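> If you scroll down you'll find the structure; I have some questions about it.
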Amino acid sequence: MKLLRKTGNRKHVLLLCLIPIFLSGCWDRAEVNDLAIVSGMGINKTDEGDIKLSVQIINPKAIGGQGNSGGGQSGGNPVTVETAVGKTIFDARSKLQEQFSRKLFEGHNRVVIIGKSLAEAGIRKHIDFFARFPNPRLRANVFFTDGKASKILKVIPNLEVDSAEVARELAQLQIGMNVTIKDLLQQMASESGDVALPRISVNKGKLGEGLRVNGTAIFKKDQLVGQIDDKVTRGLLWLIDQIQLSTVTIKPKDAKGYISFKLLRSSTELKPKIKNGTWTMTVNITTEDDVAENETKLDMMDPKVTKKLEKQLEKRIDKRIEMTLDKVQKGMEADVFNFAEAFHRTYPNQWKKAKNKWEEKFPELEINIQSTAKIRRPGRSTGPQGVPPDKEEQK
Amino acid sequence: MWRKWRKKEKKNKQSTLKQSNQEQEPLYNNITDNENQLRSIYENCSDVIVHPFTIGGKHQAILLYIDGLSNTEEIDDSVLSPLMKATDSDQEQQVDTLIKNTVAVADTNEATTFSDCVQAVSAGKPVVLADNSSTGFSLGLSKWEKRSVESPDAEKVIRGPREGFVETLTVNTSMLRRKIRSPKLKMQSMEIGHYTKTSVSIAYVEGLVDKTLIEEVTNRLNRIDVDGVLESGVIEEFIEDDPSSPFPQTLATERPDTVTANLLEGRVSILVDGTPFSLVVPTTLYSLLQSNEDYYRRYIMATATRWLRYLFLVMSLLFPALYVAVLTYHQEMIPTSLLISMAASREQVPFPALVEVLIMEITFEALREAGVRLPKQVGSAVSIVGALVIGEAAVSAGIVSAPMVIVVAITGIASFTIPRYSVAFTIRMLRFPMIFLSGTLGLLGIMLGIIIIIVHLATLRSFGVPYLSPMAPMHFSEIKDVLVRSPWWKLNKRPRLTGKYDKYRQSSGQKPGPIRGKE
Amino acid sequence: MIEKGRISALQMAVLLYPTVVATAILVLPATTGEFAKQDMWLSTIWASLFGYFSVFIAYRLHSYFPQQTMLQYSETIAGTVPGKLIGFGLLFFLIHTNGMNLRDYGEFVTGNFLQQTPLIVTVASMAFVCAITVRGGLEVVARSSQIFVPVFIVLFLFIVVLLIPSLNPQNVSPIMGKGVAPSIKGAFIPAQWFNELFLISFLLPYLHHKEKGLKWAMLSTALIMITLIITNVFALLLFGNITSSFTYPVMDAARYISVADFLQHVEAVVMAIWVTGMFIKISVFFYAIVVGMAQWLQLSDYRPIVFPMGFLVIIVSMWSAPSLQKLSHFSSTTWPFYVLFFLTIIPILLLLTAMARKKISLQSSNVERRKS
């Protein structure tokens, strides 16, 4: 009691009272080796309407530890894929948890793969989990697969450690669309609410299985309405300004052989216009290209030649985009190009009135494509290689 | 209970003090009484030599000195032989004047009490006492073995003066005087310690220093009431503002150039006999993080090193704690591939990360401590090799994970980048509470720990100067010398809080440049 | 005077900055976005007007009673009993608000980082740290905030810079698509955060150079406005129309950061920002409570009541709401009026009374002078 009375000791008593709080601490502590690191998740729907969740879990024993001579025995596959069924994603997840000795940890989840069955039933209500539960990343890439999601996860790739990493790298390369959870949420909340997701599929090669992004799945609101293939996807990428890695190969009219162009950069601008009640959309595309390969005997240093080639390039792009519009706008009637947002931004007042009629209006929307291609550099060579200078085709 | 016991102790002490009060008495007129008294004071002191002789064959006298503290040759040549040979013509004179006139020593002082004599003798000054006189003479003929001036071990520099203080106060003061030749450099001396009677000097530059600061320093020093002062560390503990703080509130240095620089900024230095370490007050955290060499090198490089030091200061405080926090609470923050390899290396480890870190950190501290005490030749080798071998073996035995060893190694290196040992030690010790906090609350714990440390630093003052100045309270003009090492031609003002009496140290506009005009 | 320490005007500005920014920085995009949509960044500008106004009133009152805090001059102006009543109300409000600040902090930490950790632990540890700081006096609060605010700003800019590659400038249009009304509606709640600037009435009496007070307080308000505009613009450019659907948009923005696959998941930085900011905010409120309470009870020192008040604040924070939903409902419906009443309406009334009295006394003294 004497201890308490002295003023100087009060601080110590207070500290003593606080220490137990910390001693009983460590509520959230989880050692890394008690975690099951989830690298990819796949969602399907069962015939009964339940959620079928597959997770890809990294097995660190099999991957790392080269330097660790004690624990060097490689323990089988680098990843394991497990599946469970539940009413919701989280329900299925807790059922999955029962199968693991380690705590499921989605903090490193990089890929979410949506199976066809779920896509047809609608995805909106299930995406919520990824934006609400604390661990999952908003940057995880979302893919669609024309079948079971677990199949993609089970693929053991050649170069990367796990298929989730492959899928993420593929998305990053932007051969197909690159959609993260955040983008998906944004698209679903946009004025049109139509969504497009890249399609991923298993690619059987000689060395083993691999993954391939080939095409796009188009969703009307949040339901799957159709799929487009690789070629049509290109057009879509031009339209939504996501094209990055592209080669365009054209056959010049007045020469033998092909010329391939490598895309440097491209920008797409949507210019909506409302005039006398008719809604039109102008798409301005500007691309810059380099010559990558020249089979013809044309001199790439000749401005006249390049001018012609540019024209042809533009036509080519226009064609692609028209093809896409034909399929997606006319065929599926899904506004995945964000046209609705563009109208909303430029004409907020008209948009408010016409909002409800957009679904009828969109397929009939008049779209002008104005592409400008610029060939910036001839590449490392000037004229055609392997051709004597005097035999170059002069125009 | 404690209090009573302490009081008793105090009483005991006072009584022992009274016993030695016989020294306070004045000298007797009679030489035999004096001799007896002195012999009783120096009973059982075999090193004290009492040498009776006669001055000019007539006056009885004694010479008192301590063997090894005084210059015996000089005593023979300039004291004993002239006195003994004193001629008849001098007989008329008083014996006091006789001694004064005959002894050929510059530093001659009168001693009237026994304590005067004892003090003089202890300082190595021989004392001459003559019959029929109650005044003795102390002669400044002290000479004892001292260490030569060497480059200081604890604060090495690549560029800069290589001399360091030694254990002898007079040598140290002379070094300061050589650096500041102006008579404005003042040194007040006093004695501290009942038994050791250690002389302590307060050095400052008049006109630059705040007078109240000197008063405060003198007051605090006068308050000290101890048996002995063995090192300036003893004094440091008695004059600190907050004795329970882990942070040092004085700057202990053995470099005369550091002391000089601080004196010129209006600070006060306390030099203590018997130790090469002098104290500089007031001090701030930033001055403890700076090395002298910063001001001798090119300022751009010095700035870079300064930032490196700040970075590693934070590292040495937080790195193990961050490792624990990230590994056990926030696994999503590490890049995936890194997490996987970390998880793989931890598969075999039986301990939780917190325990693992503690084991390694404590082992490291023990190795470091052992390395300091070992002989120089073995010390550094043993500690480094020991750490490496133990780390390597522990990893391959699966007791700790490999990343952990890296963490401990980096933390160790980081703590050695802090130039002042005292702060480095504080930071090293503070990292253990940080590890515990991060083990219980993760990053939040670390944040709270940092907040507590900063709040504590904000509360600290060293002789009235806020410890975190000039960052808090903030002075824009001085911050430039914290964030960067500003070039000399920009350092026109002295620090505001200590140098306000003479704001400018140099004239402005001294930035050099090429000669203009000629093509 | 009860407080012996003195702070500089710069220190006051540095104390004010996190007092508003700390809470706002995390939830502002969500609260304003709910009403203002794309115009959320405009809301901040409207809201900041309240801040300037609040500072102005506090300064005017201060110039009438340069040595007193609001607790004291309310007694001088309104008389003892009404003054004490106002004081009681204000203290009650401050304690309640600080409890809610503490709760906000606890909710954020438990919701995002330490899900299993009991709320009381996070809340109590923070309250303890703040109590230590406040016990150290105003100077210590000011000095620690001088260390933390630059760190706060640097970390904030760090996140902002890292977010630049992920931004989509189109999200900002249409500007004022639905007129000014939505942005003004959205400004209502943040305006009350700006009203908290009235707390300078507890700091102004302790300034070194009182004449600089207004200038620095205004500068601080401007800086707050700029910071919040940046916050809103960046959240908007990143998330667009879904901004308001997140509880803590800035937190999710930081989670979205990924630079070169290495620098990712920097939510730790957001936590650092939030914890340091909230630490200063809670400390400033806490200081106002403790000093106010000591003045209200006419104690000679405020230090002994720091820890008891700390416990009170912890209890209030635990009792103020059963869940985050209730808490945010309360802070978006009832609380704004609550703030408006105590930190704007009462001060205005006090100011008007003081001005009227001064005029009357001036007139009467003039009359007297004329008579004599």
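Each residue, glycine too, has its Cβ placed from N, Cα and C.
Straight out of TrEMBL:
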- C:7-28: transmembrane segment (TRANSMEM)
- C:40-61: transmembrane segment (TRANSMEM)
- C:73-95: transmembrane segment (TRANSMEM)
- C:115-135: transmembrane segment (TRANSMEM)
- C:147-167: transmembrane segment (TRANSMEM)
- C:187-207: transmembrane segment (TRANSMEM)
- C:219-242: transmembrane segment (TRANSMEM)
- C:271-293: transmembrane segment (TRANSMEM)
- C:305-323: transmembrane segment (TRANSMEM)
- C:335-356: transmembrane segment (TRANSMEM)
> Ranking C:40-61, C:73-95, C:219-242 by Cβ pairs under 8 Å to the transmembrane segment (C:335-356), which is first?
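The stretch with the most contacts is C:73-95.
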> At a C-beta cut-off of under 8 Å, are there same-chain residues at least 6 beyond the transmembrane segment (C:40-61) that contact it? List them, or none.
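The answer is 20, 28-29, 32-33, 70, 73, 172, 175-176, 180, 183-184, 186-188, 190-198, 200-201, 204, 213-214, 217-218, 221-222, 224-225, 228-229, 232-233, 235-236, 243, 343-344, 347-348, 350-351, 354.
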> Quickly jot the same-chain residues contacting the transmembrane segment (C:147-167) by Cβ under 8 Å, restricted to those at least six beyond its ends, or write none.
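Residues 14, 17-18, 21, 25, 227, 230, 234, 237-238, 250, 253-254, 256-257, 259, 263, 266, 269-270, 272-273, 276-277, 279-280 contact the transmembrane segment (C:147-167) from elsewhere in the chain.
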> Near the transmembrane segment (C:115-135), which residues from the same chain, at least 6 beyond its ends, have a CB less than 8 A from one of its CBs?
102-103, 105-107, 109, 141, 144, 275, 278-279, 282-283, 286-287, 290, 303, 306-307, 310, 313-314, 317-318
> Which stretch from C:73-95, C:219-242, C:305-323 shares the most C-beta pairs under 8 Å with the transmembrane segment (C:187-207)?
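Going through each listed stretch, the top one turns out to be C:219-242.
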